Structure formats: C-alpha cells, structure tokens
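What follows is a short report on a single structure.
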Amino acid sequence: MIWHVQNENFILDSTRILMKAFHLLLFHGSFIFPECILIFGLILLLMIDSTSDQKDRPWFYFISSTSLVMSITALLFRWKEEPIISFSGNFQTNNFNEIFQFLILLCSTLCIPLSVEYIECTEMAITEFLLFVLTATLGGMFLCGANDLITIFVAPECFSLCSYLLSGYTKRDVRSNEATTKYLLMGGASSSILVHGFSWLYGSSGGEIELQEIVNGLINTQMYNSPGISIALISTTVGIGFKLSPAPFHQWTPDVYEGSPTPVVAFLSVTSKVAASASATRIFDIPFYFSSNEWHLLLEILAILSMILGNLIAITQTSMKRMLAYSSIGQIGYVIIGIIVGDSNDGYASMITYMLFYISMNLGTFARIVSFGLRTGTDNIRDYAGLYTKDPFLALSSALCLLSLGGLPPLAGFFGKLYLFWCGWQAGLYFLVSIGLLTSVVSIYYYLKIIKLLMTGRNQEITPHVRNYRRSPLRSNNSIEWSMTVCVIASTIPGISMNPILAIAQDTLF
C-alpha cells in the first residue's frame, strides 16, 4: 500500500515538472530556440543509441552536425532583433550574447569532423563523446546569455563537468587520468571561490541576483565602495581566471592539453575561452561598474603575466600540445586587452574579431596535430622535421595557421592583432600594448622554428616517423582535411577583407 502511494506521488510530481517545463518552453521557447535545437539533437542521439542494436556511426555525426548547423541558422535569422530578457530575468538575448553563441557553435561544428578519424582509430565510444560535446556547447551558450548569478554559476558548471569527462575519455591512458584529476580538483576549487564572490555581491546588493538589479541594489545600500565588493571582485576574478587560464591561473592548462585526447583539447582550447570571455565582459562591466579602476588593474596584471610567461615558456617546449597550451596563455593576454578597453573604443569589437580569427588559427593547427599523430603516434616537435616531403598539403596548411597565430601580414592574425592593439593604444594602454607587441615578436620565433622543421629537406634531419609516414586509407580522412581547409581559408582570406567582419563585430555592442 505504501509503495503504491509513493509511486502515485512520484508520477504526480513528474507530471507537474513536465507540465512546468512544457509551459516554460511554450512561452519562452522562442527566446532560446537555438538551444532547444541542441536539446532536441541530444534527445535524438540518446533515443537512437538506446534503440539501435547496430550502431551506424555516420548517423551520429550527421545528427550532431545538423543540430549545430540548424542552431547557427536560427541565430542568424534572429540577428538584429531587439534585446529581450526572458525566464523572469534569468536569460538575456541580444546581439552581443548571440555573437559569442555563434562562435561557440562554430567551434563545435568544426571540432566534430576533426574528431571522426581519431574516434575510429582509437575505438572511443562515439555516442558519449558527441553527447558531452553538445552538452558542453549548450552550457556555453546558456552562459553567454546568462543574466543572473545563479545561471552564471550553473551554466559553466554544465560546461565544466562535460570538459572533465571529455579530458578523461581515454581511461586507459595514465596521462589522461592525471590531467582529469588536476582539472577536476582545480576546477572545483575555482568554482567554490567564484560562488564565494557571488555571495558577497548578493549580500551587498540587498539580496539581488540579476546583474542590473545588483547595481541598483548597491546604490540603494550604499555598499558599492565597501570592502565586501573588493572581496567579491578578487574572488570573481580568480574564478573566471581559471576558465580563461591566464597566468597565474594557468597551472592546469599544459597538463590537460598534453594528457587529453587531441580533439578534446581542440574543443576546449577555444570554446572555454569564448564562453568565459562573454561572461567576464558582462560581470565586470555591470555588477562591478563602480570598481572599474580596480578590475582594470587586476586584468592588466593578468594580461602582462600571460603575454610574458606564456610566450617565453612556449619557446622551451618539446611537445606540440604543450607548446600550444602556453601559446594559448599568451593569446588570452591579448584578448584581455579588449576586455579592459570595453565598448568605449571598440574594445569588445576588436576582441570578438580576434577571437574569430583565433578559432580558425588554433583549430587548423590542432587538425594538423590530430592528422600527424594518428599516422605517426608522436607529438614531439622534432618529429615533424621534413613533413613537407611526405605531405605538402598538411605542412603548408600548418605553416599558414602558425604564421597567422604569430601575426605575420597579410594573414588574418596580423589584422586581428593590429585592430586589438590599435584599440588598446587609443584607450591609453600604452604599456600593455607595448608588451603585446614585444611578446608577439617572441611568439613568431617559436612558430617559425616549427615551420623550418616542417619544410626541411635534409635527409639527416628527417626523423623515422616522417620517413615511415603514410596517408590514412580511412574514408573519414576527408573530414579532417575539410576542417583544416576551412580553418586555413579563415586564417588567410579575412585579413584581406576586414571591413565586413569589423562592421558585424561593432554591431554586437550592448
């Protein structure tokens, strides 16, 4: 009898939850339509995986890629609409948020074909991999549109949990387990510090959680210059710093990059930074509006440390993935310049433009690492010597992406950095821009060192890995080349025609 009563209560509670979810989607679903497409894709993947005895892998890739492309299409159709706040103030839709959501979707769309051959060669479980990628993408999209402290905390945790699972996906690899453990422990600690900062904001504003209402609450309580806000600012900076991984919050980055599966590293290296940058701009610009001088100083210190340490330590690396890890630390220092400048001197527009180019440059480089690693089983920089003699397309595309990362003209990376540094100079950040220029020259050195190895034709320098190099006969080989081709084109051609990209980026300001 008791069991029947408990069962009936469970059914009633489940029905109420489903009805409430249906009510929310019915009245607010149009505001999160791109996210709903991804949710539908996730449900479809789960249904096919649970009902199909014989797994047809191409269908899983097709469903995942189609849902991402449809979500991008929905975002483009919604472009230029009036800003809307929905879900009782928890979520905001505007051009600024949507451009970051577009960047996250673009990263995921390029990462799936980049992963096909790797999954087939390593015999990884495909369904779980795609589910984690789509769920992480969903968490990043919700973070970009988050308008209150609870959503800003829950959304990145959704992204982070999937990131932990993805980084430890090759469970038999000791390095992968070590990377996951470090990532999980440091991620949990940073989340605790972040929520501690949010609690100070919540208390100081008189119990407000919406970003704009926090500002009004601080004015009403006269707490905007209190020590509590300083504690909140420091704690929030530390929490967001872990997601962005600038120095000195970069300790997890090299180990996670080296130990995780390469397609996972490619995905995390760009999506985490895009989502965290979107969140950082809103958190620093709105709740900490009265502490702008303080957070500008904190971010300037982080940017200087990141640009110097990231680029100097990258010179000494022998692993390609660890080199890109330290390179990404230096790159985030450049992005922070745009956050500091803000919307007064096109700082956000320059940051968005550079991040768009960084996605193509970084993913193009990782596509080459995936392709070379599957054929040779090595990640050592020295083992790339003479690759041009065996695979000219792979060597040339790698060289273009690396040159663009270094910021050499007339590639996209040069114009992205030029616009970013020009906006910083116009805003009076002379010292910061000077450091950026000097460290960019340093980065060109270690990128050119790799390109020299790729292009060498001396027999005595060509390693056994390249001598025994064979192109893969797998049909999925074209998927990596497709991703690489798209990234190479995006790393070169936009540098010639910058005006349309700048116009779109400038329209995103909120």
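In case you wondered, yes, glycine gets a Cβ from its N, Cα and C as well.
The feature transmembrane segment is assigned by Swiss-Prot to 24-44 (among others), with sequence analysis given as support.
Swiss-Prot lists 59-79 (among others) with the feature transmembrane segment.
Marked as transmembrane segment by Swiss-Prot: 99-119 (among others).
Listed as Cβ neighbours of the transmembrane segment (124-144) (distance under 8 Å, sequence separation of 6 or more from its ends, same chain) are residues 34-35, 38-39, 41-42, 45-46, 49, 55, 57, 60-61, 64, 67-68, 91, 97-98, 100-101, 104-105, 108, 111-112, 115, 118, 151-152, 155-160, 162-163, 165-166, 169-170, 261, 267, 271-272, 274-275, 278-279. Residues or ranges marked as transmembrane segment by Swiss-Prot on the basis of sequence analysis: 124-144 (among others).
Residues annotated as transmembrane segment in Swiss-Prot, with sequence analysis given as evidence: 149-169 (among others).
Beyond the ends of the transmembrane segment (183-203), by six or more residues, the same chain brings 149, 152-153, 156-157, 160, 163-164, 167, 209, 214, 228-229, 231-236, 238-243, 249, 251-252, 256, 287 to within a C-beta distance below 8 angstroms of the stretch. For 183-203 (among others), the entry in Swiss-Prot reads transmembrane segment, with the evidence type sequence analysis.
The transmembrane segment annotation in Swiss-Prot covers 295-315 (among others).
Here Swiss-Prot flags 323-343 (among others) as transmembrane segment, drawing on sequence analysis.
Per Swiss-Prot, transmembrane segment is recorded for 347-367 (among others), and the stated evidence type is sequence analysis. Within the chain, the transmembrane segment (347-367) has long-range Cβ neighbours (under 8 A, six or more residues past its boundaries) at 96, 99-100, 103, 106-107, 110-111, 114, 262-263, 265-266, 269-270, 273-274, 277, 281, 324, 328, 331, 334-335, 337-341, 397-398, 400-402, 404-405, 412-413, 415-417, 419-420, 422-424, 427, 480, 483-484, 486-488, 490-491, 494, 498, 501-502, 505-506, 508-509.
Annotated transmembrane segment per Swiss-Prot: 395-415 (among others), in sequence order, evidence recorded as sequence analysis. Here the transmembrane segment (395-415) has Cβ contacts under 8 Å with residues 327, 331, 357-358, 360-362, 364-365, 367-368, 387-388, 440, 443-444, 447-448, 450-451, 454-455, 484-485, 487-488, 490-496, 498 of the same chain, all six or more residues outside its ends.
The transmembrane segment annotation in Swiss-Prot covers 418-438 (among others), and the record cites sequence analysis as its basis.
Here the transmembrane segment (295-315) does not lie next to the transmembrane segment (149-169) in space: the count of CB pairs under 8 Å, restricted to residues six or more apart, is fewer than 3. Same-chain residues lying 6+ beyond the ends of the transmembrane segment (418-438) with a Cβ under 8 Å from its Cβ atoms: 300, 303-304, 307-308, 333-335, 337-338, 340-342, 344-347, 349-351, 353-354, 407, 498, 502.
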